[in-house]
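Peer 1: Quick one: this structure, given as structure tokens, is what I'll be asking you about.
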Amino acid sequence: MTKTNTSERLLDVKGLTIEIETRNGPATIVDGIDLHVNKGETLGVVGESGCGKSLTMLSLMRLLPNKIRVTKGTAHFAGRDLQTMSNSELRKVRGGEVGFVFQDPMTSLNPVMRIGQQLAEPLIYHRGMNKAQARKRAGELLKLVGIPGAEDRLDAYPHELSGGMRQRVMIAIGLACNPQLLIADEPTTALDVTIQAQIVDLVKELRDRLGMSIVWITHDLALIAGLVDRVAVLYAGTVVEDAPVDDLFARPAHPYTQGLLASIPKLSDERASRLSSIGGTPPEPGRRPKGCPFAPRCPLAEAICHDKVPVLESLVSAGAHRVACFVAQRKLEAA
Amino acid sequence: MTVVPMATTDIKEEPPVSLWRDAWFRLRRNRLAVFGLGVVVLLAFTALFGPYLTPFDFLSQNLDARNMPPSLTHLFGTDDLGRDVFSRVIFGTRTAFLVAIVVTAIAVVIGVTLGALAGFFGGWLDRVVMWLTDMTMSIPNLLLVVVINASLKSPISSWMESRYLATLNPFYRETIWVDFLLVFGSMALISWPPYARLVRAQVLSIRSRPYITAAQALGLTNRIILMRYVVPNALGPLIVAVSAGLGTAMVLESAFSFLGVGVNPPTPSWGNMISDGLRVWQHYPHLLAAPAAVLGLASVAFSFLGDGLNDALNPRGAK
């Protein structure tokens, strides 16, 4: 695994807030998210469905659907402000410097275009290649992502490939222009478990070979344990915990993270034991509690949790381990 | 670590089958559609090569052989000026195809452009285009054609006549194309809204599909996304509409010519032949039957073909 000590931030998101327009006025979906990715680092973003993971990533590239808007906060990529840069500049970043891999490989490829053409598109556009060069490079890319008979597959249509193969093609498209950052939005959710492991291994190998940074969004903590350097845990549109991956598994500080880890089934469990789960459901956008968004479901919640919103702060003992929880922070001070 | 090889069972060994090829296989299994396609191809062939297939000119009169019943020399008989009806029906096919193809082409270009832009960009552009579409659709088409004919035709014709007398330039002598220009223009003007609506609806649904977001995330320009990702995916229903639209345009041309506001004699059109035949049908039914039967056949053929294409291109909608 590539670990880097440089604190140079490739992606730096501060206080990002996203709102959706509803009939009852604007509702907050993402509430002041702080995220950063260092050069060469792999960040895992974990959270349950609807916590704003995907929207945050789409908002970085200004790809939000209608009626959903960034209302506060900044996002910088390699020192440049993504929210204010011109459209033409942004287009160079999209695909050229930041590659995207989407959740559903079945619908994320253009069904009426051959695989080779779809791979060639960004190469022609961003790298100024001619058709022959782009086709040659497309063949190399398919080989790179481990598609057998790569050259013959260039003329295939998406519907002729299996899900796993299509996701490999998506990854190849995302990597086409050697991006500095690859954003993978739940790239394995739509795939079989065995194929999931293959894709994770593939990305890990490609990262080590190409030396890029990765943001891997998922709701499956166990899947990315061996892949990422650091994990940011999202709950209801806020980062509740941000820690190096080993630290997070060894000493989860936020009650939500603890609950997530406890809900992963283990082979050593007794056969008849019930799967542990977190009671309740996340708050709907527009109906967020006044204090900590997790307080209504939290087993450790105290009076202050229902009243004030905790901020993401470093735990005193470990500078890189940050958590947004009154109880966890006090426990540590007492210790 | 190495890349895990994929299981080989994932790979199909057949050559790539495009969506269009797939649709063609499905179309071939539909008998009515094949019949429709056959008739359309035959009519198109007749329209293209008709003048070389018949020994008679569609204008040459033979006053010794007026109103002859069908015979081996004159397959569909002759009319009241002794002109060969078969030749005239064939030339009418030419007129019908010319009008249908040109009108549909103009309507499709206008409709697809406006519909795609409106659906893709939305906002005020969408509102303006939809407003224009609704407004155009609210105009009674027959009325519009009559108005255009009444207001524009004679000034243009007399202007051409005076130009010809003044300059003797042969360009101004022939006025048949003024007929066609007016017919094309007025029909195209009323035919584009259905295409615009169809394409807009298609684009609205395609715009929110993940592969469009994926294309945007690749940094492609809106122009490329619209032309390579959005419009090709909207083509299926459009092809069906065009096939049906060609038939409709033919019928519409005949209807206008029948009423005397379309193509005017002596240029043969199924419509004005039916109109002529109607006056004498009790005595010479073949003068009405021949053009009417061909018009009916063409209309039915295009509609069968359209249905077949619909089933072939939208397999999920088929029974």
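Counting begins at 1 with the first residue displayed.
Placed from the backbone N, Cα and C atoms, the Cβ positions cover glycine too.
Grabbed the feature section from TrEMBL, which reads as follows:
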- B:32-53: transmembrane segment (TRANSMEM)
- B:93-306: domain 'ABC transmembrane type-1' (DOMAIN)
- B:96-121: transmembrane segment (TRANSMEM)
- B:128-151: transmembrane segment (TRANSMEM)
- B:171-190: transmembrane segment (TRANSMEM)
- B:237-263: transmembrane segment (TRANSMEM)
- B:284-305: transmembrane segment (TRANSMEM)
Peer 1: Using Cβ atoms and a strict cutoff of less than 8 Å, what residues sit near the transmembrane segment (B:237-263) while being 6 or more residues removed from its termini?
Peer 2: 95-97, 99-101, 103-104, 107-108, 112, 141-142, 145-146, 149, 179-180, 183, 187, 191, 194-195, 198-199, 202, 269-272, 274-275, 295, 298-299, 301-303, 305-306, 309-310, 313-314
Peer 1: Quick one: do the transmembrane segment (B:171-190) and the transmembrane segment (B:32-53) have at least 3 Cβ pairs under 8 Å, skipping pairs fewer than 6 apart in sequence?
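Peer 2: No, since the transmembrane segment (B:171-190) and the transmembrane segment (B:32-53) share fewer than 3 Cβ pairs closer than 8 Å, they do not count as touching.
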Peer 1: Are there residues at least 6 beyond the ends of the transmembrane segment (B:32-53) whose Cβ is under 8 Å from a Cβ of it, and what are they?
Peer 2: 90-91, 93-94, 96-98, 297-298, 300-309, 311-312
